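Read through the structure below, which is laid out as structure tokens, and then see the notes.
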Amino acid sequence: MAKIKKKGTSGQAKNYITRTQAVRKLQISLPDFRRLCIFKGIYPREPRNKKKAAKNSTASTTFYYTKDIQYLLHEPLLRKFRDQKALSKKIARSLGRGEVSDAARLEKNHAPQLTLDHIIKERYPTFIDALRDLDDALSLLFLFANLPSTAHVPPKTIALCQRLCHEFQHYLIVTNSLRKSFLSIKGIYYQATIQGQDIMWLVPYRFVQRVNGDVDYRIMATFVDFYTTLLGFVNFRLYSTLGLRYPPKFDTRSDENGAELAAFTLEGRAVGETTKAIEGTKQTSSTANKEVSQDVQAKVDKVIKSAGLDQTKDDQAVQATEESTEEIDKFEPAAPEADTLLQPDISGDTAGALFAPFTFYISREAPKAPLEFILRSFGCKRIGWDAVLGDGAFTHDETDTRITHQIVDRPALPESSLPAVPAASENGAGAVQKVKPGTRIPGRTYIQPQWIWDCINEGKLLRPDLYAPGATLPPHLSPWVKPTRGAYDPRASLAEQEEEGEAEIAAEEEEEDSDEEMEEATDGKKVDAKAEDSAEEENEDEDDSVDGGMDVAGTDDDEDESEEEMEDEFGGFEEEAASESEDEEESARTQHQKELEAEAAGLPFSSSSAGGDSTKKKSSQAKKVASKKRKEEEELERQKMMMSRKKRKLLEKMMYSNKKQSEEAAKLRSKRRKLEKGAEK
């Protein structure tokens, strides 16, 4: 006889464990259990049957894998948590005795330090794994870098997040790894490519943040502890691959003055000593060269001139080989039936030097931090701003002639409303000349900040006149959403997106609406006049009423007349079939009548009949489109009859989604059409 299997020893009851059982098994508190799970990357699971997994009738809410909890039993951090618990008991005992100094000494000298280095190595065995998990880390650290310091968010945490984020930005600037950016309601999205991995993160706008009390900052602080360690490892590895010393030199005084990115100085690993040695050899060689006679120097110059032609040829050959090696690779399919890959149209080096030849000046109202980061990431070396925005600028003088582009984010105002010229900040030779706000310096291009984002997303310099101060900006679209067929594209014109006959139908509908409004207005006037006449008649005929206010039944003659009217109204199906021909004959008659009237008046017929011809063309075009659409629907229905039920259902779903998309696009096009016509008026 087979042994009876005991309940709860296999299946879901064995594979899952509740949170209460896990806390008891690990012998730690619930907050420490949460921190440990966040550090180790263990998350709650959802069993198929909660009652079977809980081994009782009461369904628990949180479950974990039993193997995960068994894995946590060997974690070295458990000992740190237990030491912290024992230390807290000692501190509480000292405070109970009134020994405050002993409690402070215990907390200062015996507090266990948590190190997460081994957890980073366990969770990310390769560097590519760490890069793939960097999106959430960057988003959270940039968020904490812009938060105000409170009791829940200490200043040390904010300073650490700011330092790590600026170090990561410096790597992107040096390597030109930033690819795209997008301004959204939530914040600014960035995308960078590091070692073939696309990393996207969100940076909030620098508004005044109001910290709410419903946010659990203890959980977020745990994630910050883990992500700061992760980003520190990643920055060290990235700097090491470039041969840079990590951490970079940080100027605290400059950072206090608002330098931000300029407060960091990148240094090569053991490069400074070599440069000094080279400089020393240059100095010794320069002193030795003084002793060389002029005759020897003249002979050397002759040799260089004689070999100049061959040298230029060699240089040209080297440049040609370099240009040939720097060409963009073409992805050709291996077989004719293979998929065709998208061909790159621009290289990373070309995109990284997009703003290299320009000198930018950021006005006070423009966001300095994101603009400086993007401009430096795309090759710009000379960026100036007002001294109010902080240190680290190429120039603080707005009248500097080297400035080629100025970023302005204020509306164009008349000269009378502009404020007076502010006083200079310094006196003497180093005084910075102030410019009246709103003035334009000749020889300089003025643009709005959106021009920077649209240029880097397109990979080329766009027309600056479309982004001039006070101009209506083009639509700023996400670079990660590509336009699909049938969807509305705000960058394209209406003529490119409209379907066949859509514009004529819309114009006809607008004319009908305007005619209806005019008819309603005239009918309203007629109704008011009739109401006044009827009121006067009622007042006159009140005494002459014969029926005494009672309804009188109709006679037989009235019934016969009503039947004859009904028969006259229904003309049969032949009349409906011949309605189109009668309409054409009527329109021809009216047109001939208008020609005669125009001839009698001595006017050309084209001016008097332009409106009628346009309406006739529009109505005929609408009829053609409707008939064509009806034929296509009939043909589609015939094709659907030959399909199986499964394919027919799938086709109906596809048609439904396409119809919804086309209806939404039609609504947006009609809205845009009305706005454009309103702007023309």
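Yeah, the Cβs are placed from backbone N, Cα and C, and that goes for glycine too.
Residues or ranges marked as coiled coil in Swiss-Prot (evidence: sequence analysis): 491-527 (among others).
Positions annotated as coiled coil by Swiss-Prot, on the basis of sequence analysis: 574-681 (among others). Predicted-model confidence for the coiled coil (574-681) is 73, expressed as mean pLDDT.
Look at Swiss-Prot and you will find 496-521 (among others) tagged as compositional bias 'Acidic residues'.
If you look up Swiss-Prot, you'll see 522-533 (among others) marked as compositional bias 'Basic and acidic residues'.
Under the heading compositional bias 'Acidic residues', Swiss-Prot lists 534-546 (among others).
According to Swiss-Prot, the compositional bias 'Acidic residues' annotation covers 554-586 (among others).
As annotated by Swiss-Prot, compositional bias 'Basic and acidic residues' applies to 587-597 (among others).
Under the heading compositional bias 'Basic residues', Swiss-Prot lists 617-629.
Look at Swiss-Prot and you will find 630-640 (among others) tagged as compositional bias 'Basic and acidic residues'. Here the compositional bias 'Basic and acidic residues' (630-640) has long-range neighbours at 648, 651, meaning same-chain residues at least 6 beyond its ends whose C-beta is under 8 angstroms from one of its own.
Remark: secondary structure over the domain 'BRCT' (350-469) totals 32 helix, 14 strand, 74 coil, with classes taken from DSSP. Here Swiss-Prot flags 350-469 as domain 'BRCT', drawing on sequence analysis.
Feature annotation from Swiss-Prot assigns region 'Disordered' to 489-681.
Note on the compositional bias 'Basic and acidic residues' (587-597): DSSP counts are 11 helix, 0 strand, 0 coil.
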